[in-house]
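Q: This structure is in structure tokens; I'll ask about it shortly.
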């Protein structure tokens, strides 16, 4: 049984235990009120009796000799015992609740530590950034197009997951090197999959799939919107 399952099992029994404690407390409180009421009446009656005896001269008004009956004193001791028992039950109920709170705090602490460990393991499992991450994907220095790739997969970062949902959104709390070059129509850094324009004179060169409406790698030659329009104008002449 896991800690959480054990905690839930103990928590389910807590309301019934507290209900029993509160029921006993109510009964003790009722008994205490009855005994106190009875003791007050007895003491008032004994005080009146003592006053009459003093007036009649049967006893001397010496306070050191005047005392309540044993019955009245026993009732007072009994009241104190019940009050002590009520306090003990209240403390026990408080300790029960406090124990469950401490167990929950310990579980939350353990759970947070496990989450941190998982994040650390996940972060260490990510591939290291490639050496050419900061370099703009340009054209081959030999003959223009021989070494250029059609697509480029950015290094595994949080931006990759976000780009899959909203490819053009880069206004994230992701640390970006201010010196890293920008590309595409959105003028953002390299992330996700990118495609290169076939025009050797293209000013932008590389584009994010989402920014140019691509979902898959284009087949054959691909031109960016500006270069494609320029090429069509030239054909029309």
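Backbone N, Cα and C define each Cβ position, glycine as well.
Small disclaimer: the values here were computed from a predicted structure and weren't measured.
These came from TrEMBL, pasted as-is:
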| type | residues | note |
| --- | --- | --- |
| COILED | 25-53 | coiled coil |
| REGION | 120-152 | region 'Disordered' |
| DOMAIN | 181-230 | domain 'PHD-type' |
| BINDING | 184, 186, 208, 211 | Zn(2+) 1 binding site |
| BINDING | 197, 202, 224, 227 | Zn(2+) 2 binding site |
Q: Run through the domain 'PHD-type' (181-230) and tell me, per DSSP, how many residues are helix, strand and coil.
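A: Breakdown, helix to coil: 9 helix, 11 strand, 30 coil.
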Q: Other than its close neighbours in sequence, what residues sit by the coiled coil (25-53), given a CB gap under 8 Å and a spacing of at least six beyond its ends?
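A: Same-chain residues near the coiled coil (25-53) but 6 or more away: 59, 66, 68-69, 71-72, 75-76, 78-79, 82-83, 85-86, 89-90.
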Q: Can you tell me the mean pLDDT for the coiled coil (25-53)?
A: 91
Q: Between residue 227 (Zn(2+) 2 binding site) and residue 184 (Zn(2+) 1 binding site), find the distance joining the two CA atoms and give it rounded to the nearest Å.
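A: Cα-Cα distance, residue 227 (Zn(2+) 2 binding site) to residue 184 (Zn(2+) 1 binding site): 13 Å.
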Q: Nearest to residue 202 (Zn(2+) 2 binding site) by Cα distance: which of the binding-site residues 184, 186, 208, 211 is it?
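A: Looking at Cα distances from residue 202 (Zn(2+) 2 binding site), the smallest one goes to 184.
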Q: Round to the nearest Å and give the CA-to-CA distance linking residue 184 (Zn(2+) 1 binding site) with residue 224 (Zn(2+) 2 binding site).
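A: Checking the Cα atoms of residue 184 (Zn(2+) 1 binding site) and residue 224 (Zn(2+) 2 binding site) gives a distance of 9 Å.
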Q: Which of these binding-site residues is closest to residue 197 (Zn(2+) 2 binding site) if you go by CA atoms: 186, 208, 211?
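A: So, of the listed binding-site residues, the one sitting closest to residue 197 (Zn(2+) 2 binding site) is 208.
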Q: Whole-number answer please: how many Å between the C-alpha atoms of residue 211 (Zn(2+) 1 binding site) and residue 224 (Zn(2+) 2 binding site)?
A: 10
Q: Could you name the residues, excluding 197, 202, 224, 227, of the same chain that surround the Zn(2+) 2 site, i.e. Cβ within 8 Å of the Cβ centre of those residues, in sequence order?
A: 198, 199, 203, 204, 205, 207, 223, 225, 226, 228
Q: Determine the minimum-neighbour residue: among 184, 197, 202, 211, listed as binding-site residues, which Cβ has the fewest other Cβ atoms within 10 angstroms?
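A: Counting other Cβ atoms within 10 Å of each of the binding-site residues 184, 197, 202, 211 gives the minimum at 202.
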Q: Can you tell me the CA-to-CA distance separating residue 186 (Zn(2+) 1 binding site) and residue 224 (Zn(2+) 2 binding site), as a whole number of Å?
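A: Here the two Cα atoms are 13 Å apart.
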